[in-house]
Every structure is written in structure tokens, then in C-alpha cells.
Amino acid sequence: MKRLSLNQIFFNLISIVLCISAVVFFYLIFDSQKDRVLSWDEVHYQQAIQRGIVGNALETNSATLSQFLRYSYAKLVSDTVLLQKVIQEMPDEQEDVFLLRHFHPVLPVYVWILCKQISAENWIVLSNCLLLSLFALLFYFYLKSSPLPYPIFYFFIGLSILFISPIFASTFQTANFHSFFSLSCLFFFLQLQNFKSDEQKLSTQLSLSFSIALMILMLETYIVIIFFTSIFYFLSFRNQPQAIAKILCFTLLWVFLLNPSFFYTGGSLKSWAYYTYRIFFASNEEYQSVRLLSVIKDFFLGHISLTILILTSLFALVKNYHRVENPMLLLLFCGFAYLLFMLPFALYHTYLMPAFLLILLASLLIIKSLSDSFVVKLILVLCILAETIYGFVTIPFEQIRAKHQAEKKEIWQIIQLAQQTPLPILADASHVFNYYSQSTQFKKLRTIRESHPEFYERVHYQNLNRYQAIQNQEFGAIILLKIRNYTTEDFEFLISAGYEKITTENYYLFVKK
């Protein structure tokens, strides 16, 4: 075994110290979030968890693909007769496990169910700790699989960049599907590299097909990674039709074994149809708040170490193009392709986590292989050190913890105030209030339009106008999130209907006098 030089030992030790500091920084952020209120999505995921592995795997009490397509068609052509007929056939919207997963696949829910069996209160923390451990393991094996020895420095530098990243922090503080998908992408590219070395070996075909099945059952955006990988594969690698056919068959088998309902409920088709409708037929209103320049700025300027790493790796690529290997380019190509695809829909930082991971890993491999110099290592170390110190100095960990505690207290105060009436309560985020109050008193307010919200109630796939019901004081209270674009005229309507306005930190509460 080749002995390490003093230079390598020095940088390895420095990278370990940096990584420990970054982990401490991440832990402080993680710990400051422990008292937070479950998010809009997480409450729905919690309800999906309650359906169990069998309920999610078989999607019992969920709309079939035929029902979903007929419902979508009736909505598009405004066929009210067909719409009412289909709605009567469909299961309860609030019990549909596919809707509770927000149109996402099943595999992350399996993990959450198992974690909840271990710890009912800390299932999110437990699942994220499991993911972080697997992340570190796969990250190391991928770097180790490249030709050059001594991946220790780049392994710890990569982890340091991850742990001080706002995207990484926001992704691994919550229950979301993007963290699982990021992990499955990493596993997929590792197996693809093994497959490339021996395409006819059965074990590599099975492993690659399993990794593809994992991606398919993690997040519906798997199609983006598979599409761009296929383009790159057929342009750059040897074409082996028989091996590809076997992988396709094995993938379908794995998917069936892990999620039998995938084929007869049409999970991915329903997801794509849903997003197609929202983007092209619903004026893309949900994503109109996304500001591309702001998202791009946050991605690059919010991660200075990653940006320096990317620029250095691109310079190394241009300078040493004759030494470039396909795995590096594939990761970089897919990472930027996924980033460009997701930018218009990036309502939250977590959406960009898979792109962040692939670009980071590609840049590390490029630097490791093409520009492994003292100066480059020193620049990376100084950037990460500066970014970590800046984070420790500027992020108010105690204030964040206090803010989340106040938000939870606010939820309970609203519940106690609103429940003084026996009447139903029309509420924004009604499922969150029902979850914490363990009741069904809070009814789902549907705003209809993001730009000019209105007062509708969502009842079994239908939006029912509740203006007259409000005027008749049929609701004990109306709860509105402050982030909605309700106007002064809307507030005056509620006050004139006999409701008293109470303002909290995040909500407007209108209580019947």
C-alpha cells in the first residue's frame, strides 16, 4: 500500500476537523428545530403512515387510474354530469392514501412507518438519522470507487460542504421525499458505474435494476434522471440491447415486489397528470411565486464553498478535457439538468437537494482526478472554514428554537379559542388543527386562487361556495393564514357578517360574536 505523504496527512486531518465542526453546526440547527410544529405536508404524511405498509403498498381506499383520468377529463371539459358521477364512485378524498402522500410514491412512507414503530414521537428524527448514515456510507463508496487512492480528504470535504449547506439542513430537518430521492440517485449512479465495468454480469444487472426501482418508488421526478442518463448512456457507453432489456424486466419486477399497486393504480401517471394540469391548465398559479433569479442566487451565493468547487472543477475540465472520464461528466450533466428542470418549481430549497448532491459529487471527483493540488485543497479548506465560522456567528440558534416554540403555542391558543364554539370552523390548514386537536371540527378552507383567495370549502373533490354560510354565521370561526392574499374588503366582509377579528403572529382569526 502506498504511504501517505505529510501533505496528504495534513489535509486529511484538517478535513476531519472541518467535518466535525460542520457536523456540530448542523446539529445545532437540527436541535433548534425539534420543537417545531409539523408542516402542512408532514401532517398529511403522518396520516398516510397511519394506513400502514399494506394500505400504502396496495393503495386500498384510493382512486383507480380509470377514476382519476375520468375525473380529470370531466374537469377539463367542464362536464358536470360526468364529474358528479365519477365523484360518487371515488373513495373519500380525505382518506385517499395517494393524495395524503401528495401524489408521491410509497417507499419513504415504508421507512417512516418502521421508524414510527420504534419511536412514535421522534420518527422524523430517526428516519433522517438513518438517511444521513446511509448518505455518508454511499458518499464514501462512490469516491472510493474512482481510480485515484486516498479519498479521505474529499470525503470529509464533501460532507463538510453538505453539513453547512442551507439546502441540506432544510432537507434533513423535515419529513420529505426529496431526501430519499437524493439518496436513491446516489445509489443509482454507484450501481451504474459498476454496471459499466461488466454489463453482462447478472449481479450488476440486478443491482442496477434495483437502484432504478428505488428511484421510481422515491419520487416521480425519477423520469428526469433516467431520461438524461439514457441520453448520456447511448451517446457515450457501449450499446448492449440485451443487457438493457434484462434491466428493464428486472426493474419492473422490483417495482412490483416493492409496490404491487403501482401498475393498476398508475401512480406515476396520476402524478404526471396532476402536475401537467397544475402547470398547463391551472395557469401554473401555484408556482408563480417562484422567482428564478432569486432561487439561482440562493443556490450559488448561499453555498460559496460549492460555487468555488464548481468553478474550479469546470476550469479543470477545460484544461484537462483529454483526461475527462464519463462518470464525472454524467454526474455533472444530470446534476445541472435536474437543477434546470426543477428551478421553475422550486417552492422550497429541498426540491433542489438531488441536484445539489450530484453537482457536489461530480465536482469533487473532477477536482480529485484532474486538479489534486495543494493550492486547490487550501482554497477549499479556507472557504469551508470561513463559511462555517460565518454560520456559527450569524445564525441565532436560540431565537430559532424560541420561534418554533412560539408557533406551537400559537396553534394551541387558536385551537382553545376556536373550540369555544360547537359550530364547525372554516380553517386554512384545517388538517393541521385537526391533527393537534384530535378532532374533525376544522373544515378545509379552499382559497381557489393564490392571487385572489376566496371563501370555499373543500368537500369530497368539490369546492363549495361558503359566502352565504358565512353570512348566516354557520361557522363558529374562520382561520386565515397571513401569507394568503386576502384583502381589506375580505376582512370587512367577515366583520360585517358578525365575526370579530383577532390577529396572531401567523394567522387572522375571525370568531363569531
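Just so it is clear, glycine is given a Cβ too, placed from its N, Cα and C backbone atoms.
What you are looking at is a predicted structure, and each value in this text was computed from that prediction instead of being measured.
Look at TrEMBL and you will find 9-30 (among others) tagged as transmembrane segment. Listed as Cβ neighbours of the transmembrane segment (9-30) (distance under 8 Å, sequence separation of 6 or more from its ends, same chain) are residues 150, 152-157, 159-164, 168-169, 172-173, 377, 381, 384-385, 388, 391-392, 395, 397, 400.
Taken from TrEMBL, the feature transmembrane segment applies to 122-142 (among others).
Annotation source TrEMBL lists transmembrane segment at 148-168 (among others).
What TrEMBL records for 212-235 (among others) is transmembrane segment. Same-chain residues lying 6+ beyond the ends of the transmembrane segment (212-235) with a Cβ under 8 Å from its Cβ atoms: 103-108, 177-178, 180-181, 183-185, 187-188, 192, 247, 251, 254-255, 258-259, 262, 267-268, 271-272, 275, 326, 329-330, 333-334, 337-338, 341-342, 354.
The annotation transmembrane segment is assigned in TrEMBL to 247-265 (among others). Sequence-remote contacts of a segment are chain residues at least 6 beyond its ends whose Cβ falls under 8 Å from one of its Cβ atoms, and for the transmembrane segment (247-265) they are 57-59, 62-65, 98, 105-107, 195, 205-206, 208-210, 212-213, 216-217.
Among the features that TrEMBL reports, transmembrane segment is placed at 299-317 (among others). Long-range Cβ contacts of the transmembrane segment (299-317) within its own chain (Cβ-Cβ under 8 Å, at least 6 residues beyond either end) map to 160-161, 164-167, 324, 332, 339, 352, 356, 359-360, 362-364, 366-367, 370-371, 376, 379-380, 383-384, 386-387.
For the transmembrane segment (329-345), the list of distant contacts is 189, 192, 221, 224-225, 228-229, 232, 236, 287, 290, 292, 295-296, 299, 313, 351-352, 354-359, 361-363, 365-366: same-chain residues at least six beyond its ends, Cβ to Cβ under 8 Å. Positions annotated as transmembrane segment by TrEMBL: 329-345 (among others).
Taken from TrEMBL, the feature transmembrane segment covers 351-367 (among others).
For 374-393 (among others), the entry in TrEMBL reads transmembrane segment. Long-range contacts of the transmembrane segment (374-393) within the same chain: residues 7, 11, 14-15, 18, 21-22, 25, 153, 157, 160-161, 164, 304-305, 308-309, 312, 367, each at least 6 residues beyond the stretch ends and with a Cβ under 8 Å from a Cβ of the stretch.
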Problem set entry | Positions on the same chain near the transmembrane segment (148-168), where near means CB under 8 A and six or more residues out | 2, 4, 8, 11-12, 15-16, 18-19, 21-23, 25-26, 135-136, 139-140, 298-299, 302-303, 305-306, 309, 349-350, 352-353, 356-357, 360-361, 364, 367-369, 372, 377, 380-381, 384, 387-388, 391
Exercise. Can you name the far-off residues of the same chain, 6+ from the ends of the transmembrane segment (122-142), with a Cβ under 8 Å from a Cβ of it?
Worked result: 34, 42, 49, 108, 111-112, 115-116, 151, 155, 158-159, 162, 172-175, 179-180, 182-183, 186-187, 189-190, 193, 361
